[in-house]
Structure formats: structure tokens, C-alpha cells
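Working notes for the structure below.
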Amino acid sequence: MATVSSCLLRRSRTASRIFKTSLRCFSTTSSSAQTVSGSSPFPFTGTNIKTNVSQLIGRTPLVYLSKISEGSGAYIAVKQEMMQPTASVKDRPALAMIEDAEKKGLISPGKTVLIEPTSGNMGISMAFMAAMKGYKMVLTMPSYTSMERRVVMRAFGADLILTDPDKGMGGTVKKANQLLDSTPDGFMLQQFNNPANTQVHFETTGPEIWEDTQGKVDIFVMGIGSGGTVSGVGRYLKSQNPNVKIYGVEPAESNILNGGKPGPHLITGNGVGFKPEILDMDVMDAVLEVKSDDAVKMARQLALQEGLLVGISSGANTIAALDLAKRPENKGKLIVTIHPSFGERYLSSALFKELREEAENMQPVPVE
């Protein structure tokens, strides 16, 4: 039975200092009797039946954008992380951070209350893992995020607290810390500070890209939220080939990594308004800026031209990749990016505003 492969670092719940580093890996194992959590040993050994849903995480495919990149001069391949169990790249770090804390004895199902600030997808992935493992989950989230996110989190049994949209992710983090201080047996995985968030991409996402491209990737470009993906993948690819270029992506309206100021934008999950502790600025060759409107338009274009129904951050990543593909120095190169989430999660957002209104106004036709 395959499991996600990851080597993780131990971190204190309250201190930002890493006080102990321990290497451990999820690995593919087989035994005479696979045990399903909370049940008797699984008797059907040798079958391709997974013993729990977490074993579905990882090994997402790369797809070439033949139409979008046509005439650009370079080749763009996109890793479809929307094909994870909860349709999001965040399934990887959610699993890694929870299992890392469990192995260190920091949390235990039925006792620990997990508390986490989120802009949406990480919260869904954590709620999914908490439901599977038996944890109570409390999430704080800015109220500007989509209705779909709220419903999915609640469907997994998580408690959800919405925060003032004008305070951005900073306000969401502050509220989560307040809840942590007042909750007995509360524990925060701290996605913005937890090195397991980065390391899981170093140990899984990066190697998958390297293997699937047979080491031919020239450029990797990725939107920056917590910074875990771009940092982990970037480190791995550069460890294999120092000449690989790594680019981050942030909203033009909230371009703090390029010296600007935080501000409202539509690229949910990116541009959190502060520099996360785990973000490795040194691994990136540059941070590109993408306007929200352009990201929305590209996400719509991907559905119509490539048959890929993706979210707004996927549109932003594709815009950035296309910009790089058009540069003369990148002619003939292979550019890899990621589609972090599935578009159906954005039905109530600006991405589908016109189509939603059109659908709402549809009238039935008579049938003779």
C-alpha cells in the first residue's frame, strides 16, 4: 500500500526556533495484514485497495498546455494538483504536518483540538484529515472567501469562524492565536511557520516533477501563499540541477515580496499580506506579479481551450508561465507550473459571476 513520502522537521508549538531536527519518511510498505484505523486488520492483502483515503495523496499528473502555449516559443506543462482527494495541493502538507506532530507525541486524536488560520484550501485539507483521524478542527478564515469553502469545511465537521475581510490574513492569524490561548488541549500546526509544509514538497512534489519530466524541466513557477510549495519544489529541483530557474508569483495588488503594500485581490490562497517564515526567498530567481483580472480571465480560458476547470490561482500561475514562455531567452525550454485547485470550488466567486447569473435566470422550456 503506497503512502506519501515525506521527511519532516520537528518544531515547537510556541517557539519559532527549530530545536530538534529529525528525519523520517513515509514509505511504501506491505505486510500480511494492513490495519485500517479504528477497525480490525484488513484481510485483502495483495489487492489494490487503499486502507485509508490519505493513501490517495500524491502522484498527480503533468499535462501539456498545447493551445494556451501555442506560438509562445516554449513548452508549458502543468501538474494537476486539483486531482488530490480534496481537489487541492494542500492535501500534501496537511497530511505531513499532522502526521509529523503525531509521531512527536504533540497531538492525539480524541484529545487535541486543532486550530488553524486559512484562506480556504489548507483549511479544507486539514478538516479532511481531522475527520479521517478523529480530531476536532477549528478554522479561522477571512469572510471574503467563497461559500463553497465554508460548506466543504463544515461538511468535514470543522468549526468555522469568519474574520473581518479588511484585516486580511493577518486578522485571521490573530484570531486563531487568540483561540489557541483560550482552548484547553489546543494545538496550531502553523502552516506559515511549519517546516513540514516545505519539506513534503521537497520529498514528494519536487521529485515527481523531476521524474515525470525525466529531468528536462528548465523553469518552475508557482504562486506564493504559505510559500511551502515554491520553496520545497525549488530546493529539490535546484539540488538536481542548479541551472533550473525558480519563479514565485504574487498578486500585483498585494505585492509585498517586491516591496509593495498588502491589499485586496481576487487570487485566493496567494498574497497573504506578509512574508511567511517558511518562504525561502533565496531559492527564487524572481517573484512575478499577476493582476487579479488577468488571473480570472486565464482561468476561464483554461476551461474553454484546454478543458481544465481550475481556480483563480491556477490562472495566475498559467499567466506567469506564459509570460516566461514568451521571453526570447526561454525559447524551446520546458516550463512547469501547478494548478493548485479545482474550479468547482469557485462557483460563487468572481470567476463564474456571469455564468452563475446566466444559470440563475434560465427558464424551463415546454415539452410537448
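Every residue gets a Cβ built from N, Cα and C, even glycine.
Residues annotated as transit peptide in Swiss-Prot: 1-27. Look at Swiss-Prot and you will find Lys90 tagged as N6-(pyridoxal phosphate)lysine, backed by similarity to another entry. Per Swiss-Prot, the feature pyridoxal 5'-phosphate binding site maps to Asn121, Gly225, Ser226, Gly227, Gly228, Thr229, Ser313.
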Binding-site residues Asn121, Gly225, Gly227, Thr229, Ser313: which have a Cα within 10 Å of the residue listed as 'N6-(pyridoxal phosphate)lysine'?
Asn121, Thr229
Within the same chain, the residues at least 6 apart in sequence whose Cβ is under 8 angstroms from that of Ser226 (pyridoxal 5'-phosphate binding site) are Pro93, Met122, Gln191, Phe192, Asn197, Val272, Pro276, Ile278, Leu279
Give me the count of other Cβ atoms within 10 A of the Cβ belonging to Gly228 (pyridoxal 5'-phosphate binding site).
33
C-beta crowding around Gly225 (pyridoxal 5'-phosphate binding site), within 10 angstroms:
29
If you count Cβ atoms within 10 Å of the Cβ of Thr229 (pyridoxal 5'-phosphate binding site), leaving out that atom itself, what do you get?
28
Express in Å, rounded to the nearest integer, the largest CA to CA distance found among the pyridoxal 5'-phosphate-binding residues Asn121, Gly225, Ser226, Gly227, Gly228, Thr229, Ser313 named in the record.
15
Simplified DSSP label at Asn121 (pyridoxal 5'-phosphate binding site) comes out helix
Under DSSP, is Gly228 (pyridoxal 5'-phosphate binding site) helix, strand or coil?
helix
Residues within 8 Å of the Asn121, Gly225, Ser226, Gly227, Gly228, Thr229, Ser313 Cβ centre (excluding the pyridoxal 5'-phosphate site residues themselves)
Val89, Lys90, Met122, Gly223, Ile224, Val230, Gly269, Asn270, Pro340
